[in-house]
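S.K.: Questions regarding the structure given below will be posed in turn.
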Amino acid sequence: MKAGATSMWASCCGLLNEVMGTGAVRGQQSGFAGGTGPFRFTPNSDFSAYPPASAEGPNIVCKACGLSFSVFRKKHVCCDCKKDFCSVCSVLQENLRRCSTCHLLQETAFQRPQLMRLKVKDLRQYLILRNIPIDTCREKEDLVDLVLCHHRLGSEDDLDTSSLNSSRSQTSSFFTHSFFSNYTAPSATASSFQGELMGGDRTLGSGALAQEPSEIASANTEDDEDDDDDDDDDDDDDEENLEDRTPGLTKKRVRASLSDLSSLEDVEGMSVRQLKEILARNFVNYSGCCEKWELVEKVNRLYKENEENQKSYGERLQLQDEEDDSLCRICMDAVIDCVLLECGHMVTCTKCGKRMSECPICRQYVVRAVHVFKS
């Protein structure tokens, strides 16, 4: 009974599957999956049901603070370094936008004493914004020299562009004047021809009218020549100023020494390079020093030891002079303890005095050498 019920249930399930078409659907699904059915489907790697993600553009940020630009942080381009900065990190001066770093160095007028007072961070940032390598710079003075060199090169480029513009203005003025001269000549001839036909009065009037444009053209050429001469003089002055500045860089810098210090207060005002030069000159090792105050302590100790050595050396010289004054002038070994009679000079010891026949100072005959005792 139980087996018959099971077979009936299985046949009912098979009939239901045939009616609903589950087998055909399964066959089609297997055909799609395996690629062997009536509809062969080959997946394409280039096709996607979703649209491609839009490529995000480069995120432009401020070079100083690193924040992206927005409505409240508008983008501005520095007129010196040509980099992008926000309104907070840039300064508006004389209708020109400069970043804070360029503005800071512009305030120093690129003078060496003023640049030495700036921070190393600002000098490095100024050079990095201009894509100038600073790998070889070890001291602050190297950065200052590099900034001054780059500034002078930029001024030379400005001079070249100004001279190019002046030459272009000269050529344009030349072509303009030649055009006007060629243009006024036919009018002058026509007016003179009409004057001959109309009479003598018309001839004089037309001649005056013909002379006026030529006088104006000649006056313009003279003014342009004067302007060109002034530009040439300015260029010569700028070149002389550059020549005066360049020998200062070519001069050999004098190394710092311990004799340059007059007191311990002068040590604080010296740069790191000068401190290292003093230590190296006096054979002091500073390889473990990472901060400036460590170098200052070493130089202070060196200065104190040098002062003590000079004092002790002076005392030793004084004692040596005193000892030399009390030694016998003949043997330079024993102490002077003898007086020579009759002259009374004390220049020898008793042993040498008894051997002397005459005084070595006054050449008087020695009668007797008397031994004396110092109290």
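Any Cβ shown, glycine's included, is placed from N, Cα and C.
Found this in Swiss-Prot, in case it helps:
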type     : residues : note
ZN_FING  : 56-107   : zinc finger
DOMAIN   : 115-134  : domain 'SAP 1'
MOD_RES  : Ser169   : phosphoserine
REGION   : 202-250  : region 'Disordered'
COMPBIAS : 221-242  : compositional bias 'Acidic residues'
MOD_RES  : Ser257   : phosphoserine
MOD_RES  : Ser259   : phosphoserine
DOMAIN   : 267-281  : domain 'SAP 2'
ZN_FING  : 328-363  : zinc finger
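For each feature listed, report its degree of burial, its nearest neighbours and the pertinent distances within the displayed model.
M.R.: Over the domain 'SAP 1' (115-134), the average per-residue pLDDT in this prediction is 86.
Secondary structure from DSSP puts Ser257 (phosphoserine) in coil. Long-range Cβ proximity for Ser257 (phosphoserine), meaning a same-chain Cβ under 8 A and a gap of 6 or more residues, is found for Glu277, Ile278, Arg281.
In this chain, no residue six or more apart from Ser259 (phosphoserine) has a CB-CB distance below 8 Å.
Listed by sequence, the residues of this chain that lie at least six past the ends of the zinc finger (328-363) yet keep a Cβ under 8 A from its Cβ atoms are 369-374.
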S.K.: Mind checking which residues reach the domain 'SAP 2' (267-281)? Cβ under 8 Å, same chain, six or more beyond either end.
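M.R.: Residues 116, 139-141, 255-258, 261, 292, 295-296, 298-300, 302-303.
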S.K.: Quick one: DSSP breakdown of the domain 'SAP 1' (115-134) into helix, strand and coil?
M.R.: 12 helix, 0 strand, 8 coil
